[in-house]
């Protein structure tokens with residue numbers, strides 16, 4: 001299935017909203033306020049992450065379908081995620097950290113937390129930089145949402161392995177496994193009481209499963225061509241109706257799973273005036289996601305007591321968006337230019353050679 005042009009769809013807007021949901025939710029948490037919660041399941045930030053995983057599953061599955069080659073698939077995923085992350089980690093450790101740490105520079109760089117934090121650049125989530133934000137609700141936390149990135153990489157690995165082993169049958173295998181796991185997790189023992197209490201799964205594993213369900217939903221919507229179906233409106237209505245029924249039955253996680261991915265992706269492939277221009281300055285969502293937390297910690301620490309909550313939030317958004325644009329302009333976009341071309345790009349179909357373009 002061909003992916004819609006990024007300039008003709010709403011995906012940039014959706015990702016931007018998801019990143020801002022995470023930022024806004026963390027602003028509550030870092031100032032000691034309760035985060036907004038959706039259907040008593042996830043915070044607003046967690047809701048944003050579910051959106052990210054749904055969109056990622058859909059788009060990454062399309063990438064695999066267009067070129068099912070493990071090496072090129074891995075290269076594309078790595079070039080999208082790693083350069084921006086590596087630069088963000090380096091800037092955090094070597095520039096931001098020394099400026100905000102209470103330690104002298106020499107002691108700062110001798111601290112074991114510095115080397116440990118650098119492991120975030122190779123997807124090993126670590127905190128522990130020698131910084132302390134006196135008065136903040138989470139005074140020693142720096143890495144923020146970086147812990148979700150290795151979870152997404154695990155989803156990529158599972159998708160690639162399933163695609164390589166099962167081929168075209170992958171969608172049916174994934175459908176059966178997803179529905180069976182979802183029935184146990186969301187219906188029989190809502191949100192994995194068995195996994196957490198009896199099997200001793202850590203919280204991170206539970207989130208991997210939850211985010212994986214939404215990634216899988218995106219993959220399935222792509223694999224079965226649901227958004228290209230002439231019955232999309234009817235499918236949407238049925239999904240939303242089922243979601244409402246589940247919510248009334250207090251199966252909130254299942255309700256969100258039924259409604260969110262399909263609704264978000266149906267809107268994503270649409271082309272809404274003004275909204276579709278959200279990416280005219282680049283895809284800033286990833287930069288917002290990886291830079292917001294340390295900026296928030298710093299501004300709340302320095303100005304949180306002297307200025308209104310909304311003022312600090314507004315300054316945070318401005319500075320974070322600026323950093324995200326710099327990351328996109330000088331790191332992420334140049335890295336994406338090195339992505340391997342798909343087979344169809346190397347050997348374009350006959351009708352493309354004669355000037356036609358797919359919509």
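Each Cβ is built from the backbone N, Cα and C atoms, and glycine gets one as well.
Automatic prediction, not curation, is the source of TrEMBL annotations.
Given the structure is predicted, the values throughout are model-derived calculations rather than measurements.
Here TrEMBL flags 9-327 as domain 'Acyltransferase 3'. For 44-61, 81-99, 146-165, 172-187, 207-227, 234-260, 308-331, the entry in TrEMBL reads transmembrane segment.
Scored by C-beta pairs under 8 angstroms, the transmembrane segment (81-99) has its highest count with 308-331, from the stretches 44-61, 172-187, 207-227, 234-260, 308-331. Between the transmembrane segment (207-227) and the transmembrane segment (146-165), three or more CB pairs separated by 6 or more residues in sequence fall under 8 Å, so the two stretches touch.
Where the transmembrane segment (146-165) meets the stretches 44-61, 234-260, 308-331, the count of C-beta pairs under 8 angstroms peaks at 44-61. This prediction places the mean pLDDT of the domain 'Acyltransferase 3' (9-327) at 93.
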